[in-house]
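Taken straight from TrEMBL:
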type: ACT_SITE; residues: 316; note: active site, 4-aspartylphosphate intermediate
type: BINDING; residues: 316, 318, 926, 930; note: Mg(2+) binding site
type: COMPBIAS; residues: 397-406; note: compositional bias 'Basic residues'
type: REGION; residues: 384-412; note: region 'Disordered'
type: REGION; residues: 521-571; note: region 'Disordered'
type: TRANSMEM; residues: 198-221; note: transmembrane segment
type: TRANSMEM; residues: 241-268; note: transmembrane segment
type: TRANSMEM; residues: 1063-1087; note: transmembrane segment
type: TRANSMEM; residues: 1093-1112; note: transmembrane segment
type: TRANSMEM; residues: 1124-1149; note: transmembrane segment
type: TRANSMEM; residues: 1169-1200; note: transmembrane segment
């Protein structure tokens, strides 16, 4: 791959390969080009100094990220010229942290140049920094400007929506952060192969012992003669071999004779069997994705059996569990819930819906009769497909025409993040749409005597949708080619209603309120006044759900936002609506959001005609339902972070000139920041509390439905307050020490005393079948971890949506950056978890045999635990040698979520679990950021999705959907392991059985190394007679049907526990082989004892009996007989008889002095031969058959029961399976748990149904456990080093460094009844939940713990 690098000699950019990029080079990047190194951004063609990146190769996210030009290089009047770069850059040494980067650039003022040299890199005094120098000067007058990860372009990312970007290389080659996160591939061997290699050594040892016995026996035999026997021939000098030397020679002879004991042919047979298994897996129609035309790909042929032994699964989230599609589902405004049932119906049938666009127009015209929704020009454009990112135009650099990376031009799916039809098209709720229309009409009819309730309803609805459209970082771009970012509202035909008219309406609103219309106190009063005026009943009549096309994506009618000198002040609002339709339509827009939540909210606002039109760092423009454009000045944007759990935007209203703060965030945080209703009087306080209670009730409902909840609030600042806060903020931004803490403090100071507007419920679209697949895998005994680079709140919500976490689980969240704190948190968590874990039944032992206790064990609910940990804490675990404690804690957790994890951290986690716990691991992901963990796991599975083919290329198996993992593991994995394990054991048994026949004969031939079987018969025995049946068995045998395996996932545990192939089964097979060889040898021996038959006449029946016994042994193992099984089994016997007969008929003097001529013909004419062939195999196989019969009768394992179910008719089988599952679920519901253990001790913890609000902000000295945001689950969040606290709560929260208890009134109530049983405690929480919520608590967690 190539890139443009500036060369001083040519004074131009020259195309070079990536391998030639060095630190200090200036690189020019163009749109859709992949970044070749870690580059510090110095120039962007964007007028705001912004460069957009797609980081799918690093974190798996398709949404765009923004990077800013380094401060000091932003305001450039012309294009950047590298030859004039006169600065020094100091930054960190190369490291693998993708989220952190710091350094500074020394900008020198003009001065006399001392020398001009190429940019060089050298180390400075600090061990963790390196310097990049440019032109040196005499006594430069310079200043230092810091930079961070927001100015760094990481290797592997792709430039989007930016024509040209220029930067200087900071890290290159293997020192880039992406390369340091790639741990590299490893050679993978299956668990059966590793076990088999150990057993090969056992066979070698057994061969050595047998040869040693033969050598010793030969020496003893020769020593028993007083004279040398006639067959002992001396050498030419008349000397005889010594006993020791003769024994050594016999040892070597025995090795040659018994070398068949080592199953060399087993390796060849295994490869053939695996090839057949891969063929069957590849041709499974259930694993074929018809939509993408993508079958399963088996890229590794040597680990298919490991699919049946997986114990831990490590999964990515974005694109693996989810489709990364956020869909707006429900909302509540001013205490009134709008269910959006029409939109829900559309989502249920979105795949089958193909309605005409005219239906949507009719739907809108039914509510806005005067508004024409679409123009014919727009309708003509709807047939065009949305433009992909890879189709974005590039800048044309003169003199450098070259072929550039086109990115991913995959199929027909749009590569624009969060822009699918299901995400963009939101069917409005009919009641809410009428409220929006009424609000617009009321603005027209307002008078100074308008009631406060009506005014409040109008402002609440308007502010709610304005907040959805404004409070975000969404970038608006055009969907035409070339795709350009929209930075200014388009000029359109003026409408009949002007901004002057709108301004008058807002002034009348202010007059109606007799004060500032957006003041905090009065707004809250108005909100409360309108509480009882809303109609809370659902309206069954709803508009039809219709698919809307891209014209709703930010496009449509735009009205120029200039004051119309000819505007008529008496124009009615309906006339204004009509005039909107007369304007020309603007080209379609694309919304580029950093998170899918923001995109969903912006699309929801657009559905109600609050359309985001353009955004710049200084301004944001929104189109109102009337068609008027409002351009808000953006004063500050406080981004989202995991500590505050909210984001805010400070804007100046263009009409009222007021400074408004719009805030959205987690309900557990926003509800704590609302203004105290008690300050507004008793009546208003009651009404506001009712609004808050109803909103909280709606939020609880959303959470139970698995929706992602966000609260929307606002605040109006006075000019004086804003100036004070702005000065405080500027000081914090300019600070060098404790900058992050100061910025956090300023944000928390601003985001207080908020006015609640409403809340939203967003659904993260999971892939089809993900919850069912996870439930089945968990039922199969597989522990599932999610390793994601996404933020913590998103991962937790997805975990609940896909049933990875249950609402009844206790979830521990550990976030810290200190080793001592992390260690103490792990110790405390382990202590509490162990207290609540069930105690098994006590057992009595008798000579090592466990006997069940006669005392019944107490039963109680089984506590289930989940663990959530972030990337910073993982670093502490790995660097602080806390792996053992971390793994010990994870053993008690049913699910583990690692958030904000880098690719290297993912691979470290997988490697840690695989090595320390000695378990079989599987990693599954879809992006380049998952390659490392895919390579280090025992099995790596790549999902072919929107993130490219990097994961697929590095994987062992490639699938298109996560749901395919269910059948791949539970069915094909079980079959592959069962077949191959049985085949390997069978090969060891077969070889030991056959070799022992020769070994037993040595006791009767003076340990001379002679054989009673012809050498050609011995060669053909393994080559032809017994080779095909085990191969066919390993490819086609099915112990249980696929339907039963899918219906009973617990059958998978047989492979997890390696029940088929382990040391005990291997030893039993060896003992059985010894027994059967004794029967096969001594039954013919005693039959022919005392007769005068020759050696081959004695050996031929033994050889035939052994063949029949080995084949019949194989027949006992076959569970599914097919035509191929019958052909190979019968064919092997027929082939043996045919070859033996022909060989003995034509071989007259093949092996002198012995003669195999006519031996088989004579045997087949002897009745004793047939009698031996019947009796000996029966005696040899009788013990095995007897044991199998006992197992199926008295101690039937689940596999045997499942085999019996397969023999039943379908209806009866389904009924039996249902009863089986019901019984298992009932068994899992209760376990042997001591009641005293279930009751949590309160000596060091305090449980409370609702934690005190101050626990949401934790100071340095606190050790807190606070609830998360989903009800009614139990969550314990362990935060020790949360560095920020709200100032107004500091005095309340200050505690000593030792553990202390902070109890709310509910805590004291629990402390009184702490000796109650778990059932009583749970019942109290359940029964009193609604009542406590109505009493003012906003917490949705049933219990919480404060240490």
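Just so it is clear, glycine is given a Cβ too, placed from its N, Cα and C backbone atoms.
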Inset, instruction - Counting Cβ neighbours within 10 Å across all chains shown, tell me which of the recorded positions 316, 926, 930 comes out on top. - result: 930
Inset, instruction - Express the distance between the Cα positions of residue 930 (Mg(2+) binding site) and the residue listed as 'active site, 4-aspartylphosphate intermediate' as a whole number of Å. - result: 7
Inset, instruction - Verify whether three or more Cβ pairs under 8 angstroms connect the transmembrane segment (198-221) with the transmembrane segment (1093-1112), leaving out any pair fewer than 6 apart in sequence. - result: no
Legend entry - Candidate ranges 198-221, 241-268, 1063-1087, 1124-1149 - greatest C-beta contact count to the transmembrane segment (1169-1200) (under 8 angstroms): 1063-1087
Inset, instruction - Have a look around residue 318 (Mg(2+) binding site) and count the other CB atoms within 10 A of its CB, chains all included. - result: 30
Legend entry - Pairwise CA distance, residue 316 (active site, 4-aspartylphosphate intermediate) versus residue 926 (Mg(2+) binding site), rounded so that it is a whole Å: 8
